[in-house]
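Swiss-Prot has this to say about the protein:
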type	residues	note
TOPO_DOM	1-19	topological domain 'Lumenal'
TRANSMEM	20-40	transmembrane segment
TOPO_DOM	41-54	topological domain 'Cytoplasmic'
TRANSMEM	55-75	transmembrane segment
TRANSMEM	77-97	transmembrane segment
TOPO_DOM	98-128	topological domain 'Cytoplasmic'
TRANSMEM	129-149	transmembrane segment
TOPO_DOM	150-157	topological domain 'Lumenal'
TRANSMEM	158-178	transmembrane segment
TOPO_DOM	179-199	topological domain 'Cytoplasmic'
TRANSMEM	200-220	transmembrane segment
TOPO_DOM	221-231	topological domain 'Lumenal'
TRANSMEM	232-252	transmembrane segment
TOPO_DOM	253-257	topological domain 'Cytoplasmic'
TRANSMEM	258-278	transmembrane segment
TOPO_DOM	279-301	topological domain 'Lumenal'
TRANSMEM	302-322	transmembrane segment
TOPO_DOM	323-356	topological domain 'Cytoplasmic'
TRANSMEM	357-377	transmembrane segment
TOPO_DOM	378-390	topological domain 'Lumenal'
TRANSMEM	391-411	transmembrane segment
TOPO_DOM	412-435	topological domain 'Cytoplasmic'
TRANSMEM	436-456	transmembrane segment
TOPO_DOM	457-460	topological domain 'Lumenal'
TOPO_DOM	482-490	topological domain 'Cytoplasmic'
Amino acid sequence: MSTLKQRKEDFVTGLNGGSITEINAVTSIALVTYISWNLLKNSNLMPPGISSVQYIIDFALNWVALLLSITIYASEPYLLNTLILLPCLLAFIYGKFTSSSKPSNPIYNKKKMITQRFQLEKKPYITAYRGGMLILTAIAILAVDFPIFPRRFAKVETWGTSLMDLGVGSFVFSNGIVSSRALLKNLSLKSKPSFLKNAFNALKSGGTLLFLGLLRLFFVKNLEYQEHVTEYGVHWNFFITLSLLPLVLTFIDPVTRMVPRCSIAIFISCIYEWLLLKDDRTLNFLILADRNCFFSANREGIFSFLGYCSIFLWGQNTGFYLLGNKPTLNNLYKPSTQDVVAASKKSSTWDYWTSVTPLSGLCIWSTIFLVISQLVFQYHPYSVSRRFANLPYTLWVITYNLLFLTGYCLTDKIFGNSSEYYKVAECLESINSNGLFLFLLANVSTGLVNMSMVTIDSSPLKSFLVLLAYCSFIAVISVFLYRKRIFIKL
């Protein structure tokens, strides 16, 4: 048993990752499938309402296509994108020429804002973005244990970029976007919860995740399950990181009334990077030190937590200009529900440029981060490190998510999707509705599969069939819960 455990640990150890260009190409399949689904939906060929045909198409696009992108077609992402997009585009053209009916929301038509008062809206492109990320994450956490999953996509040892490294940061970034909804809701209701109430809510939400993290630790240590110590440490894991984020950020909340969250995120990143770079002793400790005490044993989880705090804060900042139904005053960098028109008499040029629509905000911040990240990649003495969540890593994660969100937002603009004309594939909607629970289910299922078979010795065909069955299981559970209106909050 110990020999097999060692083989499995060696299978995911000492890896160097791949290029950012390839990662972008492979993960772009999620955006391409969203575009393809919209093409089919607007072609007048897809059956209306919920049908078995529609669900099969949905599952094929949003689960099978993503599975193919990181297994069989891992080396041919552009070919896979073409094979998916081209038939859907032809179906769209054919449907437009042969159908006499017109869609209720003609694409390319801009819709006027009906509601004047600030409201939080459910945006199709955010659901699609987060759903695609959750599905890809769920697939990858099991696929990484099979030879069919390229080693360059698995988490790197220390320096480098990989698909799974990006997935961890993207999960935190998207959670930041989701958490900004509560901040905007309190602001719109003119509610100011006390520090103690915020701390209690953070403990309540984080406590469940901490319990799951400790439960995972117990099973890993007692069931001879493979572990990668340099990932987070001896006792630490991703659930523990997620559990501590709400509580730690509760202590930052009072400061955010005077200082924007993006400024705090910049401060955290700069101070942390200074600690890493000021002399060699810090990095030597992180890479080479013995694991002879709790702090040293879990140094990756403890130090990288600072980087994840920064990513989470940038996710919150992004939510401020994405989630509302209209531009609000200075929403580019702070939570706001104040109407720009109402404040126009005393607003300045700065107010004009920082009160933005979702697409404008994404374009502005994407451009800023793209320029800064390229400069840092060029002149920084060290490469990206998910292990330490250093500055290059946080910049990479934030830039990627902003750029891809821009792509999703543009897709909605082109196809006329909005909160009034909400069109999102059921697979994406359902996994969003119970995201954290399904992430936990995916982790548990991954453990069960690993204990029931020797994944590293599986043939390509067997690997793919097992992964397809796993995808079907998670997808069916998610849709079942969604149709029954069962929403499990952890």
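Cβ coordinates are placed from backbone N, Cα and C, and glycine is handled just like the others.
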Hey, which bits of the same chain come close to the transmembrane segment (391-411), Cβ under 8 Å, at least six residues off its ends? 20, 24, 27-28, 30-31, 34-35, 38, 125-126, 128-129, 161, 165-166, 169-170, 172-174, 269-270, 272-273, 307, 310-311, 314-315, 318, 322, 358-359, 362-363, 365-366, 369-370, 372-373, 376-377, 380, 382-385, 417
Could you check if the transmembrane segment (158-178) is in contact with the transmembrane segment (129-149), meaning 3+ Cβ pairs under 8 Å among residue pairs at least 6 apart in sequence? yes
Averaged over the topological domain 'Lumenal' (150-157), what pLDDT does the predicted model reach? 95
Contact count check, CB pairs under 8 angstroms to the transmembrane segment (20-40), set 77-97, 200-220, 258-278, 302-322; argmax is 77-97
For the topological domain 'Lumenal' (279-301), the number of residues DSSP places in helix, strand and coil: 16 helix, 0 strand, 7 coil
Could you pull out which residues elsewhere in the chain have a CB under 8 Å from any CB of the topological domain 'Cytoplasmic' (412-435), counting only those six or more residues past its ends? 34, 37-38, 41-42, 50, 54-55, 58-59, 61-63, 104-109, 111, 114, 121-125, 127-128, 130-132, 134-135, 138, 325, 359, 474-475, 478-479, 481-483, 486-488
What counts of helix, strand and coil residues does DSSP assign across the topological domain 'Cytoplasmic' (323-356)? 8 helix, 3 strand, 23 coil
As a quick check of your reading of DSSP, tell me how many residues in the topological domain 'Cytoplasmic' (482-490) are helical, how many are strand and how many are coil. 2 helix, 0 strand, 7 coil
